[in-house]
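Chemist: Not my notes, these are from TrEMBL:
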- A:39-60: transmembrane segment (TRANSMEM)
- A:45-445: domain 'Major facilitator superfamily (MFS) profile' (DOMAIN)
- A:81-103: transmembrane segment (TRANSMEM)
- A:109-137: transmembrane segment (TRANSMEM)
- A:211-235: transmembrane segment (TRANSMEM)
- A:264-284: transmembrane segment (TRANSMEM)
- A:304-324: transmembrane segment (TRANSMEM)
- A:331-350: transmembrane segment (TRANSMEM)
- A:356-380: transmembrane segment (TRANSMEM)
- A:392-412: transmembrane segment (TRANSMEM)
- A:418-441: transmembrane segment (TRANSMEM)
Amino acid sequence: MEEVEETRALLAGGAGGAGTAGTAGRPRALPALYDPSHLAHRLVVLLLMCLLGFGSYFCYDTPAALQTQVKRDMQVNTTKFMLLYAWYSWPNVVLCFLGGFLIDRVFGIRWGTIIFSCFVCIGQVIFALGAIVNAFWLMEFGRFVFGIGGESLAVAQNTYAVSWFKGKELNLVFGLQLSMARIGSTVNMNVMGWLYSKIEASLGSAGHTTLGFTLMVGGITCILSLICALALAYLDHRAERILHKEQGKTGEVIKLTDIKDFSLPLWLIFIICVCYYVAVFPFIGLGKVFFIEKFGFSPQKASAVNSVVYIISAPMSPIFGLLVDKTGKNIIWVLCAVATTLMSHMMLAFTMWTPWIAMCLLGLSYSLLACALWPMVAFVVPEHQLGTAYGFMQSIQNLGLAIISIIAGMILDTWGYLFLEVFFVACVYLSLLSVVLLYLVNRVRDGNLNYSARKREEMKLSHTE
Amino acid sequence: MTLPCLPPTESAATCMCGCGEPHWGWGPHAPSSLLLLSLLCTAPLGLLGGETRQVSLEVISGWPGLPQSLLHIRAVGPNSTLHYVWSSLGPPAVVLVATDTPHSVLNVNWSRLLSPKPDGGLRVLPEDSVQFSSALIFTRLLEFDGTNMLDVAAEPLGKPYPPYSLAEFSWNNITDSLDPASLSATFQGHPVNDPSGAFANGSLAFKVQAFSSSGRPAQPPRLLHTADACQLEVALVGASPRGNHSLFGLEVVTVGQRPDCPSRREQHSIDDEYAPAVFQVDQLLWGPLPSGFLQWRPVAFSQKQRSRESALPCQASPLRPSLEYSLPQSPIVQAFFRSQSNFCSFNLTFGAPTGPGYWDQHYLSWSMLLGMGSLPVDALSPLILGIVAVALGAPGLLLLGGGLVLLLRHKQHSEYQSIN
């Protein structure tokens, strides 16, 4: 769910083939709100774009928010519970390569967005139905369908942003979309448990039916997103008519044969990425019960501390983005982020210190890593391979998440949280090792990964001269 | 290696004379910076196994024809003997006695023990070798209606049903269940009067197991034990509950010679490797360590297959002093302690109104460790320590190596420049 956003800035800047929003041929002056070229109208579009992703981000983490309830009502162990996350990731191992192609060549951005939104809605409804009829396999299938829509919808969201805001307020728009995604996750984490207890009170008992209805109500956010998709399609079509604006394109070109040309630093970046993210997202998926059991937190407090990573990430991502842009030295920043995450996981594993400290650190380092790691790909890959490199990075990240989710569930059931945390520590440690290796390789090869921002400017100038 | 890191498996008898050994646990009160250090220090020694004891189980029968019998566990160390005397005369009870000689023996006077005034019917000889003694009595099986949660503050577990008095249970012949190989025996019982037929297909069992060396059982909650302790596993199987969501509990009475009640401690730990998602060990200590102790994890299980899905929370109420006459009489306790003892009681309750429960499979099991001497000290498993050691050590080595490489390279580089 997360990785798509990180690429958007680059894809937008590099390969985004958005149509130019020309102003020629405007028939007559429209009121600001109805005028596609006017800021007020674009703000309405921006609002719709932000809400477009809200549903899928809200529903992505419903299993984490309702972990105790899902496991109890469906009578599944943690291994099976984590399959709900694995099934989300499986389709995206392939779809990361296909999403852009489907939007550009097959559906077009408008229909693509509507179709992916439908997948998200239907997926969530199947997920909820599975709970109502007490069939866990149906819930898994629901998450699979949801996964087909979710990640591609994020790509579509980016494409819309580029198409409407390129050359204007694009970075701000990306920032706002990212914050909205985080808000969706946070609201979900803190609301679903409460919603469950309300529905439990009105139905009179807890059970799989209660769980199903709760998930169904959560699915309303997906319907909201679908409505946004329809509205956006209409407005985009209208803008095309009025401004003769082309449909947005992702401009991604995926050539799988490029993979054999990937350099060693790029592979190291992939390893850093996979090893890092598998120690963050599956942990958040399992975090709530950990905070309840180990630190004696109430369910509400556990949800709050579990969502703090997302809360911190919302405001910090743009700030860290600016910081990394201004200073350069990406490898050093990545090193800091990974080392901080390692520290945070070790704190969670080996101390009884309040998890607020560790989770805040995790939130900060996670935001920093996203800002420093993803842009590095652009430094080591020629521009025409950028789409393939990002697609591949997301694909193996999803593969890693799917596999590690299952393994994490199994470890937890058999050996408990301490072992799980030690396992995550080992993953982050591998990531750290790769960062150090990357630093050395870059140093030995005199690579450009760790240039300061000023040096980058100088290099750019000397190239243009 | 400093002395406090040594595994405290020294027997109760010798420890009684020694100075109070510092308790080495880790938790909120343990300084966290010292944590890894102390772990690394205790772990390898913990693996050595510590002291072993010559353990024997013996059934002491009364007169021929009488069903009553005692189970005597005698654990002999180099300079001490621990006696555990289990009995189902009256409510199930155990008398714990630690002596400072390897030659102490149990003396049972059956005619006195079975009389209305059993004082002196049970003795450990020589009497001046006794360093510590205490007892536990399991008096009642409690049942609550978990569905009726009107007043959570007053009755957190729901409305109580009339309890089953374990003094009015009939117990099997302990000889049949004695297993010398595993050093275990089981008391199995059901109410003598069971008008509702709740126990028609059910029973309450107390399985006692002794150990000749330290180790860890294969089944959760996998508490570490030493040769100084034995394990009690309580299992309620097949009894019909009186409500759809019945929660069960156990009333336990402690007996001691000190005027105050044993103190209860909740020890938090970072380690849940042996009992996933359980980060706490509850302890009951009769006095300053080393003395008698009870130790259990606050978890019970609702299925034979003990896993996280069948885990129930287990709550213990605070201890409160009780008057002897208000409790069911246990002849062996009276026989050993005469009237110089002090009674305290507490309730253990298993499960919560939601989640897994007894109603799933009409099964409930819970286990604890009771012993004398010092508490077993748990340590992180070698696998975890290994991973942590690698994760901590290798980046350091790598940074060092990397630094050297860069340094050398830098040198070469500068030489090259100087030629230019």
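Using N, Cα and C of the backbone, Cβ positions are placed for all residues, glycine too.
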Chemist: So what's near the transmembrane segment (A:81-103) in sequence-distant terms, Cβ-Cβ under 8 Å and 6+ beyond its ends?
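Modeler: Contacts of the transmembrane segment (A:81-103) (Cβ under 8 Å, skipping residues fewer than 6 from its ends): 1, 60, 63, 67, 70-71, 109, 112, 139-141, 143-144, 146-148, 150-152, 155-156, 159, 249-252, 254, 256, 281-282, 285-286, 387, 391-392, 394-396, 398-399, 401-403, 405-406, 408-409.
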Chemist: Of the listed stretches A:39-60, A:109-137, A:211-235, A:264-284, A:392-412, which one has the most C-beta pairs under 8 A with the transmembrane segment (A:331-350)?
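Modeler: Highest pair count goes to A:264-284.
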Chemist: Is it true that the transmembrane segment (A:392-412) and the transmembrane segment (A:39-60) have 3 or more Cβ pairs under 8 Å, skipping pairs fewer than 6 apart in sequence?
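Modeler: Contact between the transmembrane segment (A:392-412) and the transmembrane segment (A:39-60): absent.
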Chemist: Output the single range from A:109-137, A:356-380, A:418-441 maximising the number of Cβ pairs under 8 Å to the transmembrane segment (A:211-235).
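Modeler: Out of the listed stretches, A:109-137 contacts the transmembrane segment (A:211-235) most.
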